[in-house]
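Annotated features in TrEMBL:
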- His265: active site, proton acceptor (ACT_SITE)
- Tyr37, Tyr143, Arg178, Ser263, His265, Arg268: glyoxylate binding site (BINDING)
- Pro90, Thr91, Ala92, Ser119, Gln141, Thr169, Lys241, Asp296, Gly297, Gly298, Ile299, Arg300, Gly319, Arg320: FMN binding site (BINDING)
- 11-370: domain 'FMN hydroxy acid dehydrogenase' (DOMAIN)
Amino acid sequence: MNICNREGGRCAEMAMVCLTDFEEYAKEHLSKATWDYYAAGADECCTRDDNLLAYKRIRLRPRILRDVSVSDTRTTVQGTEISFPVGIAPTAFHCLAWHEGEVATARATEALNTCYITSTYSTCSVEEIVAAAPNGYRWFQLYVYRDRKLSEQIVHRVEGLGYKALVLTVDVPYTGKRRNDIRNQFKLPPHLKVKNFDGVFQQETAAPEEYGIPANTLDPSISWKDVYWLQSITRLPIIIKGILTKEDAELAVEHGVQGIIVSNHGGRQLDGGPASIDALSEIVDTVQGRIEIYVDGGIRTGSDVLKALALGAKCVFIGRPAVWGLAYKGEEGLREVLQILNDEFRLSMALSGCRNVAEINRNLIQCSKL
């Protein structure tokens, strides 16, 4: 962020200290339609906003005199070690924020050695992403389409490219009502495409479009039996994203998936549902360690990460803050965002008396105040 010195005529670089600094920069520098698209929540945005407020309601119970002279933020997800328990959630259209788009995202997450969930709706192809960061640890986020062959083809593509898991997003039988996108008549600019489906949808330019592909392409009839279908066409672990209740968490375990991302889609789908962090505890209590549980939505500080892990998440995923980092300086900006979260998480751990991730548990949370 450049602040100009009027007397000397020079511009000084303002330090980016926290994720909110990146948010402010992105809001100032992105076009209104692009900012509104990334910031959008469904309807009145109650759930989107509560994702943030819910973390502020949670209090920590720090332990002291624990010798925190050495700390270790490493953890594992699906058996693979990552440097700290923060990954990139699947968010669409990174090229709207930075010209290199998902290629920059892939390089940043490879450099920080953490997990990047590539969106189906990426503006770089899965092949371009892998070529840019061949040693990165990646999962692929999948929607199920009315034309099952489309989903099947992309599953085989990403499996062949070395993606390590499929993240089946289950909370979008229909797209939530995002008022500003409707007001702005949001569309991808002509020079950008949903690259993973480039050339797949041959249609008249006047045909209705929704977020870069023809409207009514997603399959609203998707059900639990489709988890079995997906298992029949791939050997990759399947992680279900979009679960908010203990009942569905139990069904996920019964259907043999390898993980759950507790998520309300950043508040972009059903407005009036719970904040993700508020739904986490009942899901963790139901699953009882049988599969790994992750959470996204509302993470803005390292202490938020600590709270999520204390409540039973194995890892958290960030969506909008990743886009803000890209808007600031592309790969370098996202690396800064991740490094700030890593540093804040390490500091919050130490100040709470935790030397490593294994020492973080429910005792760290003041449950009576939840």
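Backbone N, Cα and C atoms are what each Cβ position is placed from, and that goes for glycine too.
The structure displayed is predicted, hence computed values, not measured ones.
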Binding-site residues compared (Gly297, Gly319) - the one with the fewest other Cβ atoms within 10 Å: Gly319
Which binding-site residues sit within 10 Å of Ser263 (glyoxylate binding site) - Cα, from Pro90, Lys241, Gly297, Ile299, Gly319: Lys241, Gly297
Arg178 (glyoxylate binding site) to Pro90 (FMN binding site) - Cα separation in whole Å: 18
Spatial neighbour of Gln141 (FMN binding site) that is closest, considering only the recorded positions Tyr37, His265, Arg268 and their CA atoms: His265
Largest CA-to-CA spread of FMN binders Pro90, Thr91, Ala92, Ser119, Gln141, Thr169, Lys241, Asp296, Gly297, Gly298, Ile299, Arg300, Gly319, Arg320, angstrom: 23
Rounded distance in angstrom between the Cα atoms of Tyr37 (glyoxylate binding site) and Ala92 (FMN binding site): 10
For the binding-site residues Gln141, Ser263, the one whose C-beta sees the most other C-beta atoms within 10 angstroms: Ser263
By Cα-Cα distance, the member of recorded positions Tyr143, His265, Arg268 nearest Gly297 (FMN binding site): His265
For glyoxylate, whose listed binding residues are Tyr37, Tyr143, Arg178, Ser263, His265, Arg268, the greatest C-alpha pairwise distance in Å: 19
CB within-chain contacts under 8 A for Pro90 (FMN binding site), separation at least 6: Ile117, Thr118, Ser119, Thr120, Gln141, Val167, Thr169, Lys241, Gly319
